[in-house]
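Structure first, commentary second.
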């Protein structure tokens with residue numbers, strides 16, 4: 001959303017980023033328009049525009065007290081775009097980094113972080129189907145988000161996605177499999193994966209699960225989610241990342257929609273632990289998602305359309321494996337998260 005919203009008319013805002021479209025009522029229609037652009041492109045999941053509803057941004061604008069209202073509004077606008085609950089399009093509530101992305105060195109104290117995440121979850125709960133703890137920099141950040149979800153929405157479920165570096169590790173150096181293994185004790189986790197990273201890092205991360213039976217077993221029991229971004233390696237590695245030096249036009253010229261769709265097919269067709277939800281994050285726009293959706297569209301399909309369980313069909317089972325879903329819009333796009 002952080003890339004698409006300015007293209008649709010929201011002024012770029014180095015302080016509020018995509019939250020500008022929530023703060024000013026006149027931009028609410030383009031939030032719905034952006035969500036629908038991804039849905040029209042084939043997205044079966046969108047993420048509410050709550051990525052920038054965080055203390056790291058709102059405090060600078062003296063809008064901290066508006067947090068519950070803005071988070072609820074993000075959920076409401078996403079629901080308006082997707083239609084009633086129980087339909088074909090899932091709405092996820094974003095539980096993002098609270099200070100800035102990629103910054104494992106900028107975590108709030110646990111009690112404060114849990115309180116913020118609980119506030120966000122509570123505000124969005126009436127509108128979303130589930131949540132996504134996205135762009136998590138390290139297991140500690142993810143743990144706080146899940147504790148906040150437990151407090152704010154006790155029955156809520158969440159995908160947990162880590163923004164891995166170019167080597168496929170969490171931003172504090174934790175191997176991806178170790179991070180996944182630590183999630184296995186939470187009853188709130190219904191999906192694991194990676195997001196807001198270069199596409200080339202995805203396989204490096206998920207390959208670590210192959211040699212970790214515990215992490216692999218857990219990953220096989222939940223959704224496996226991926227939505228990479230379109231930014232160059234230098235942007236993804238920058239420890240100095242913040243919205244004030246972010247140039248939304250600084251996207252890779254070599255990562256065309258065709259190239260991204262090819263990556264999506266590889267992720268969906270992994271011989272072990274294939275991804276079940278595939279989308280795009282910052283810089284992945286509706287035309288990318290349209291090709292992803294087309295490339296993953298099965299010739300024959302037999303599933304519920306809902307993210308419940310994946311039948312791992314054996315050759316003799318006679319069933320058709322659940323096909324990967326595709327999400328749209330986020331940080332810049334894909335699943336609607338990340339900005």
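Each residue's number is its place along the chain shown, starting with 1.
From the backbone N, Cα and C atoms, a Cβ is placed for every residue, glycine too.
Marked as Zn(2+) binding site by TrEMBL: 196, 281, 282. The compositional bias 'Polar residues' annotation in TrEMBL covers 306-320. Under the heading compositional bias 'Gly residues', TrEMBL lists 326-339. According to TrEMBL, the feature domain 'Hcy-binding' maps to 1-296.
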Inset, instruction - Fewest other Cβ atoms within 10 Å: which of the binding-site residues 281, 282 wins that one? Let me know. - result: 282
Inset, instruction - Starting from the Cβ of residue 196 (Zn(2+) binding site), draw a 10 Å sphere and report how many other Cβ atoms land inside it. - result: 32
Legend entry - Local confidence of the domain 'Hcy-binding' (1-296) - pLDDT mean: 94
